[in-house]
């Protein structure tokens with residue numbers, strides 16, 4: 001098992017892991033669970049580079065956590081002091097997941113999903129981001145006016161209406177609302 005962009009406990013890199021799996025007969029390789037969107041995509045990039053360098057091809061899949069985990073160790077989110085009952089402040093926004101879906105797709109990943117911490121609105125965010133590729137909108141997208149908050153255009157407050165654009169949500173740095181809490185943790189392991 002390869003874990004994270006640094007590789008596994010034996011020093012096997014994600015690229016080496018992907019090559020070993022494909023040579024052993026795997027037709028699909030990827031990352032499932034343990035890491036958030038950013039770390040999972042970084043690992044996928046390394047796997048794809050390893051396959052390319054070896055002249056191999058495989059279908060690529062990624063199912064990240066619904067939590068941000070840039071500070072976890074090789075064991076993933078299970079090593080964080082917040083695991084398992086205090087992870088909610090790390091929850092990815094729907095906009096984070098739309099970005100994750102686009103980056104994964106652009107990387108060549110065609111099986112894009114989520115694991116622990118993913119909620120229905122995260123799955124809808126993936127489907128909404130990939131509308132151009134899929135050719136249709138997912139059910140329930142009308143709840144917030146297609147993509148990127150366009151439904152806010154009808155709000156009575158002008159500062160809320162100003163949020164009805166992709167650039168606002170892509171550049172938002174959401175606060176946790178928890179005074180005196182650190183932005184990152186130190187893994188237990």
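Residue numbers in this text run from 1 along the chain shown.
Any Cβ shown, glycine's included, is placed from N, Cα and C.
Remember, TrEMBL labels are computer predictions, not curated facts.
The domain 'Hcy-binding' annotation in TrEMBL covers 1-130. According to TrEMBL, the feature Zn(2+) binding site maps to 33, 115, 116.
Long-range C-beta contacts of residue 115 (Zn(2+) binding site), restricted to its own chain and to partners at least six residues apart, with a cutoff below 8 Å, comprise 32, 33, 63, 64, 65, 66. Annotated Zn(2+) site 33, 115, 116; additional same-chain residues within 8 Å of its Cβ mean position, judged by their own Cβ, are 32, 34, 63, 64, 65, 66, 114, 117, 118. Within the same chain, residues at least 6 positions away in sequence whose Cβ sits under 8 Å from that of residue 116 (Zn(2+) binding site) are 33, 65, 66, 67, 77. The Cβ neighbour count for residue 33 (Zn(2+) binding site), using a 10 Å radius over every protein chain in view, is 16. Helix, strand and coil counts from DSSP across the domain 'Hcy-binding' (1-130) read 57 helix, 19 strand, 54 coil.
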